[in-house]
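**Student:** Pasting a structure here, questions to come.
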Amino acid sequence: MDLEFGRGMRSPQRDSWKTTLLLAYQSLGVVYGDLSISPLYVFKSTFAEDIQHSETNEEIFGVLSFVFWTLTLIPLIKYVSIVLRADDNGEGGTFALYSLICRHANVSLLPNRQIADEELSTYKLECSSERTDKSCIKVWLEKHKKLHTALLIMVLIGTCMVIGDGVLTPAISVFSAVSGLEFSLSKDHREYAVIPITCVILAFLFALQHYGTHRVGFLFAPIVLAWLICMSALGLYNIIHWNPHVYQALNPCYMFKFLKKTRKYGWMSLGGILLCMTGSEAMFADLGHFSYSAIQLAFTSLVYPALILAYMGQAAYLSKHHDFYSNSQVGFYIAVPDKVRWPVLVLAILASVVGSQAIISGTFSIINQSQSLSCFPRVKVVHTSDKIHGQIYIPEINWLLMILCIAVTVGFRDTKHMGNASGLAVITVMLVTTCLTSLVIMLCWRRPPVLALCFLLFFGSVEALYFSASLIKFLEGAWLPILLALFLMAVMLVWHYTTIKKYEFDLHNKVTLEWLLALGDKLGMVRVPGIGLVYTDLTSGVPANFSRFVTNLPAFHQVLVFVCVKSVPVPYVFPAERYLIGRVGPPGHRSYRCIVRYGYRDVHQDVDSFETELVESLATFIKLDASYRCSDASGGGGDHEPEEERGTRLAVIGSSHASYDIQDSVQHSSAASVETTTTRRRSGGGDDDGSPGGGGGRAKQVRFFIDSHVASPEAADNKQVAEELEALAAARDAGTAFILGHSHVQCKPGSSLLKRLAVDVGYNFLRRNCRGPDVALRVPPASLLEVGMVYVL
């Protein structure tokens, strides 16, 4: 996690030129793999329509002009110059934009929001709240609740299309690279070689996801760099050898000549031209792994010139060759000299694998983010690296992607249909980014609405033109991303809707603290040894599932902790700010509330690390709470604070590094102390306490030292602190039980048919076939106690 925090929070001004150059080099393999392989299929997809490649070269020059200005307007101007600046604490992507908007305007649909969340270090605002409150756009957005839902749906549409791109990009990239074999095989063998080889490479690629990319990731940047140099060299050779005057096609007049001559078919061919932008969104989505200056430097100095040379070289060759058997032969390999075709083929396949790996990893990441916003069913998230927090693997999604990729390859069998499908997914994500960025310009950057409107109209009109050209090809492959998006949208909306309704049900049926305190006298409550962790989505009150539990079985643990694991609209929550600790009832009741906060890019800790850090945090909170109560009693404090505000003030961290700092600040409470010892089980263990790999490499123990003699005016209070710490230590030694609710959801009688289909059929099917909350929270089965709860929504 340290590495990820360092990347996400790096200030561009602090990077030396050596660091920037290194990051720019590394970004080639992660960010630009997909974008760099687009020359493999752009011309072939464009001329797959009924466009005749005539000897006047108006068609090929028009396509080159479109490609040049599209690469200039969208990746270079829109993304590199504008969108990359709309980062969320160094993070980019659709959820980063949505998070920024939610922090500057109350439009989030996430439940259990707290004022304490605004005190997080990563919860920074671009302007003061006084100025933000005067924004009429903000007031209008907050006033209409339907706009909140519309905004979330827009974000989910972009998310669904990114997932769809994770299916289509590996298929078209690898297929286009392998299709170079057509020039070395006879016509009878082409059909039986290209498709099987593509499927084998795809299966091999997805099978290796379980092992992670950190072992071979160092090869990605050299492969892409070699590929860019190769394309540039081929482009220069073709320009010099075939048509040095091809630069004339950069004149935008050729675009109008192209559309005038080709008319309807020229407009439809824009669906193939837009593929030159494939991978542009990765510049923004992977911003957190590098820096703005590094990504900008890599694109402007290497990627952009290499792509322009590659496309110009293809156009130069095609401008002197018109005798093709079919327009489908107007591809990348036709312009490669025979002597270097095999090395170029091997390098193209390697580059396509690197580009596919980037989109697969991005799919895992965006699904994990959707899960954190309660917009995706629970899936198993596995760390593939002990040192790098962001490298994750989701088994269920991986195998589904593999099956769909192979099915697309076998089903479509050509670049035309794959390109039509991929193009629609790509341009939809870009449209969503344009709309969200226009809101960021108004709400976060506090620019005039006219400026945001100009941004939206200019780039939105360009992308809408490409979108219409892709949508018209619905029957020729574009139906696939639409079908995938509709299915994923249904899953996400059903899960999100039911999750929100369950939270509202819990909020309505929670019981008061007085009820819990009076429960012991009414039922003869028994306190058993150990720590009981009651998981709930509520940040206040006692959940209904716990009241049901103690009503039927009047006993609970010696130390009771109500744990709320919640997501906040920030990319990361620093370990020192993750926990909010407060009391439930008087100190003698030994009941606490712990709110654990995660960002949308955070991955939950393993249970051993969480349990240890929770005990550390409780011990530190007990001491701090005693010192505050002493100061309040001596007249130094004011009115009694609400529980949530006290929890914010007493926020502590389970990380041993931050725990030492906190201990130094509370040494005035000498009644007890907490010592954290860390023992490495093997050398070379990771420094990432928050990752499962890091937890496996070290054993953490918490030891309590209770002073027998206390020489202070507050001896009685310190004695109470010592007793409370002794009780906590004894409960920790007795073991920990995890109490979770096992939900059964059903609709109210008289509900609409749509609601019954969504809840009774859709949600219950997903709940039964997806991971349970115990798996998502990594609860050991031996310590799990589930309480049945019926939700009538």
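Just so it is clear, glycine is given a Cβ too, placed from its N, Cα and C backbone atoms.
Got these off Swiss-Prot a minute ago, pasting:
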TOPO_DOM  1-22  topological domain 'Cytoplasmic'
TRANSMEM  23-43  transmembrane segment
TOPO_DOM  44-59  topological domain 'Extracellular'
TRANSMEM  60-80  transmembrane segment
TOPO_DOM  81-151  topological domain 'Cytoplasmic'
TRANSMEM  152-172  transmembrane segment
TOPO_DOM  173-191  topological domain 'Extracellular'
TRANSMEM  192-212  transmembrane segment
TRANSMEM  216-236  transmembrane segment
TOPO_DOM  237-264  topological domain 'Extracellular'
TRANSMEM  265-285  transmembrane segment
TOPO_DOM  286-292  topological domain 'Cytoplasmic'
TRANSMEM  293-313  transmembrane segment
TOPO_DOM  314-343  topological domain 'Extracellular'
TRANSMEM  344-364  transmembrane segment
TOPO_DOM  365-391  topological domain 'Cytoplasmic'
TRANSMEM  392-412  transmembrane segment
TOPO_DOM  413-422  topological domain 'Extracellular'
CARBOHYD  N420  N-linked glycosylation site
TRANSMEM  423-443  transmembrane segment
TOPO_DOM  444-448  topological domain 'Cytoplasmic'
TRANSMEM  449-469  transmembrane segment
TOPO_DOM  470-473  topological domain 'Extracellular'
TRANSMEM  474-494  transmembrane segment
TOPO_DOM  495-793  topological domain 'Cytoplasmic'
REGION    664-698  region 'Disordered'
COMPBIAS  664-675  compositional bias 'Polar residues'
**Student:** Considering only Cβ pairs under 8 Å, which range in 23-43, 192-212, 293-313, 474-494 makes the most contacts with the transmembrane segment (152-172)?
**Tutor:** 474-494
**Student:** Does the chain bring the transmembrane segment (216-236) near the transmembrane segment (474-494), so that three or more CB pairs sit under 8 Å (pairs 6 or more apart in sequence)?
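**Tutor:** Between the transmembrane segment (216-236) and the transmembrane segment (474-494), contact is absent.
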**Student:** Far apart in sequence but close in space: which same-chain residues, 6 or more away, have a Cβ under 8 Å from N420 (N-linked glycosylation site)?
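**Tutor:** Listed in sequence order: S45, G271, G272, S470, K473, E476, G477, A478.
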**Student:** Which range out of 192-212, 344-364, 423-443, 449-469 gives the transmembrane segment (60-80) the most CB pairs under 8 Å?
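**Tutor:** When the Cβ pairs under 8 Å are tallied, 449-469 comes out ahead.
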**Student:** Is the transmembrane segment (192-212) in contact with the transmembrane segment (392-412), using three or more Cβ pairs under 8 angstroms as the rule and ignoring pairs under 6 apart in sequence?
**Tutor:** yes
**Student:** With an 8 Å cut-off on Cβ pairs and a sequence gap of 6 or more, do the transmembrane segment (192-212) and the transmembrane segment (344-364) reach 3 or more such pairs?
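**Tutor:** Taking Cβ pairs at least 6 residues apart, the transmembrane segment (344-364) and the transmembrane segment (192-212) are in contact, with 3 or more under 8 Å.
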**Student:** Taking 23-43, 293-313, 423-443 as candidates, which has the most Cβ pairs under 8 Å with the transmembrane segment (449-469)?
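**Tutor:** So the stretch in question is 423-443.
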**Student:** Please indicate, using numbers and ranges, the residues of the same chain that are 6 or more beyond the transmembrane segment (474-494) and have a C-beta under 8 Å from a C-beta there.
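**Tutor:** Result: 153, 156-157, 159-161, 163-165, 167-168, 271, 370, 375-377, 404, 408, 412, 416-425, 428, 758-759, 762-763, 766.
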**Student:** Counting CB pairs under 8 Å, which listed stretch among 23-43, 293-313, 423-443 touches the transmembrane segment (344-364) the most?
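**Tutor:** Comparing 23-43, 293-313, 423-443: 23-43 has the most Cβ pairs near the transmembrane segment (344-364).
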**Student:** Short question: which residues 6 or more past the ends of the transmembrane segment (423-443) have a Cβ under 8 Å from it?
**Tutor:** 45, 74, 78, 82-83, 86, 94, 97-98, 100-101, 104-105, 132, 135, 137-138, 141, 154-155, 157-158, 161-162, 164-165, 168, 271-272, 274-275, 277-278, 280-281, 284, 449, 451-453, 455-456, 459-460, 463-464, 466-467, 470-471, 473, 478, 481-482, 485
**Student:** Can you tell me which parts of the same chain pack against the topological domain 'Extracellular' (237-264), counting only residues 6+ beyond its ends and a CB-CB cutoff under 8 A?
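**Tutor:** Residues 51, 58-66, 68-69, 309, 312-317, 319-320, 335, 337.
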**Student:** Who are the chain neighbours of the topological domain 'Extracellular' (413-422) in space, where the CB to CB distance is under 8 Å and they lie at least 6 residues beyond its ends?
**Tutor:** 41, 44-45, 48, 165, 168-169, 171-172, 175-176, 179, 195, 271-272, 275, 278, 328, 331, 470, 473, 476-481
